[in-house]
Amino acid sequence: PTILHSQLMQEQVAGNAVLSYLTGPRFLVYASCALSIWGDRMWHFAMSVFLIELYGHNLLLTAVFGLVVAGSVLVFGALIGDWIDRKPRNKVAHASLFIQNSSVTACCVVLMLVFSYKTEMEQMWHGWFTVFCYAVVIILADLANLASTALTITIQKDWIVVITGENRGQLAGMNAAIRRMDQVINIFAPLSVGQVMTWASNVIGCGFILGWNLISLLVEFIFLSRVYQLVPPLAVKPQQNGAQLPLRLLTSQLPAGNWRKLPGASHLRGEKSWNVVNMMCERKVPLCFRKMHRMLCTCRDGWKAYYRQSVFLAGLGLAFLYTTVLGFDCITTGYAYTQGISGSLLSILMALSAFSGLMGTILFTKLRKRYGLAVTGIVSSLLHVSCLMLCVFSVFAPGSPFDLGKNSSLNHETLQKNQLHIYPFQRNINQPILPDRSSIHWTNNTVLLDSVHGGDHPESYISIILLFSGVILARIGLWSFDLTVTQLLQENIPESERGIVNGVQSSMNYLMDLVHFIMVILAPQPQQFGLLVIISLLFVITGHVMYFIYAKKYKIKETMIQKNSERKPQNLSV
């Protein structure tokens, strides 16, 4: 009876522990992130297909959508971050969640109407009504992406830091777990909606995404609300005092002459008195211009705040990694397709790439625990660059089509002959943000290759083998480095500036991704792909060099802190 009683007690304790975990904040955050990531991946994948279908298997709408998405985050990233910093955490999360899912839902409704009544719509307003519908679809999808960016910054850059508190090991574990979910979902989410669209129709595919978003909205809202209740520190948000707030924001809310009542107003009469004069003049300017001026000032202040962070070089180095064709996006897979690689083999390579990414998250947790974040970043950088050297070797290996003499932009006949091969090298816009979700993380784009016939088989497969070996193996170091910089940003950015700094970081990521887009436009031919590989490696090396500079400063600072802490006890004893 005693043994049986002890076994029952152990089972009860284990059951209580499992129940406590399943109802705890960490699991609820994981579940919410999984639902959000799954919806994002399905939506981005489906949008690329829908836009191609709508415009007659042409990538024009897709390219326009990509430019709009990248440009909007580049412009509004700092404003989104500033909004996150100023508002209560629960209101930011709920508003972002609602705007994202409602925008996707509305976009799906418009797409269903367009697919169902496209012929009739083309007869209205001489075809301009269809153009109007396309514009509405792109605007709604862009709004959903901006809201998704805000939600990602809120949960993955702020909430989990508060939930884990001072426990950096738990923070690293949560970051790695979310990245693992992202890798796995990257494979299965597009597959699920792709099967629905293939075996049913695009209209049913839209309905499937619409239903998913409505259910996800309800579940995520409940989970995030519960997390907010379980973690009281989330309700406490540091506020800037009167001396820290920009003068334009303080005085714009006060009647004329009352600025002297502000905290620290006695210091305004000297060197800052001209600010007050400017504010009094601003009151005579129309409201719309004043709001525009404040938005521009917020963007300027956001970029200044980003620049003065101690981890500025680390964040900038991560952004430089976005200027690359050495990832599993449409460009690299399109190039492989022109070299005779089948779609089924590409799918296998993508699965291996996802597995490699998972290994990178495991490597990160092991290295960070033993050597710390700074050294982990250095090791990950060296591993990343070493593996990418295989891609450079592939440019000059047997079977490589690299030949800058075959510049099709100077030869109209060659352009006509190879025009089918240009399409794979248009940038794939259905890449998620942040890292928040970028070309670094996207893996499923073979749908864009359906209308492209595979190229002739090369004389040798050595070049393509080296290329994909380098790309797949490099993802181990890439993901480990990504997690390293992510945690450095989480740990070192002041809580009151997390939103705006991470918003600017997202803008930087998209800016460098646009550079990558321009590179592909300027060199779209398979013969020029080798040049893109070399340029990509230079950008990657530049990014890692920036991190090395940061790591050196970090180590010097850490050494000085240790020396000062050792001197204090000696001084006390004296």
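Placement of Cβ uses the backbone N, Cα and C atoms for every residue, glycine included.
Now, the feature entries from TrEMBL:
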{"type": "TRANSMEM", "residues": "18-38", "note": "transmembrane segment"}
{"type": "TRANSMEM", "residues": "59-80", "note": "transmembrane segment"}
{"type": "TRANSMEM", "residues": "92-115", "note": "transmembrane segment"}
{"type": "TRANSMEM", "residues": "127-147", "note": "transmembrane segment"}
{"type": "TRANSMEM", "residues": "199-224", "note": "transmembrane segment"}
{"type": "TRANSMEM", "residues": "311-337", "note": "transmembrane segment"}
{"type": "TRANSMEM", "residues": "343-364", "note": "transmembrane segment"}
{"type": "TRANSMEM", "residues": "371-397", "note": "transmembrane segment"}
{"type": "TRANSMEM", "residues": "460-478", "note": "transmembrane segment"}
{"type": "TRANSMEM", "residues": "499-523", "note": "transmembrane segment"}
{"type": "TRANSMEM", "residues": "529-550", "note": "transmembrane segment"}
Tertiary contacts of the transmembrane segment (460-478) (same chain, 6+ residues out, Cβ under 8 Å): 321, 326-328, 332, 336, 339, 341, 349, 352-353, 356-357, 359-360, 363, 379-395, 397-400, 440, 533
Which of 18-38, 127-147, 199-224, 371-397, 499-523 contacts the transmembrane segment (92-115) most, counting Cβ pairs under 8 Å: 199-224
Surrounding residues of the transmembrane segment (529-550) on its own chain - C-beta under 8 Å, 6+ positions past either end: 311-314, 316-321, 323-326, 331, 335, 377-378, 381, 384-385, 388-389, 391-392, 394-396, 400-402, 404, 425, 467, 481, 485, 512, 515-516, 519-520, 523
